[in-house]
Amino acid sequence: MSLGAGVVSDIYKLEERGTGMGIFFGATFSGLAIAPLLGGAAAQYWSWRNLHYSLAAWGILEMLLIYLSFPETSHPGTISIEKVTPRRRFHIPCVNPLRSLWLLRSPNLFATTLASSLVLISDYVLLIPLAYTIGVRYGITNEAIIGACFLPNGLGNFLGSPVAGYMSDILVRKWRARRKGVWYPEDRLRA
């Protein structure tokens, strides 16, 4: 998700980035809406072996598409960065995966990250035990119907993401015009 968001931020202009992010996250959240329904239907009407065979076929198809679509990742020597000679013979880069956590020192980023994390966690805390609570309480034994109970939350995320992104673009344009072209990253958080 972070790589996709980075690509979207590189492709779109500042005033259109929220809409692009909203479409990207809406498409990403569509899996949260559709997967429980399809998984429940597969568990109810299909064998678990067939489910794993279909996942294997899908994985092979994706590997083939990646191999054909991204030749620079599968064909050494096709990109110019590989022709640069290294300075040292042996070099181990120092990579700290926790370095990005320093961004949480900003109160605005910390509050936004905390709020979005709590929303996502509450989605899963409320939805995961659905099969054990609603299904048992109302006598629903069909996994496909229980999977359909996930649709409202997923569709809300799917539809709400582009709307929120569009609203953030409106506010970025509005506040940038008020400051005569000066933009602050926090302007998007007002949405």
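Glycine too: its Cβ is placed from the backbone N, Cα and C atoms.
For reference, TrEMBL has these:
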- 1-191: domain 'Major facilitator superfamily (MFS) profile' (DOMAIN)
- 20-39: transmembrane segment (TRANSMEM)
- 51-70: transmembrane segment (TRANSMEM)
- 109-132: transmembrane segment (TRANSMEM)
Folded-back contacts onto the transmembrane segment (20-39), same chain, C-beta under 8 angstroms, at least six residues removed: 1, 4-5, 8-9, 11-12, 123, 143-144, 146-151, 153-155, 157-166, 168
Model confidence over the domain 'Major facilitator superfamily (MFS) profile' (1-191) (mean pLDDT, whole number): 83
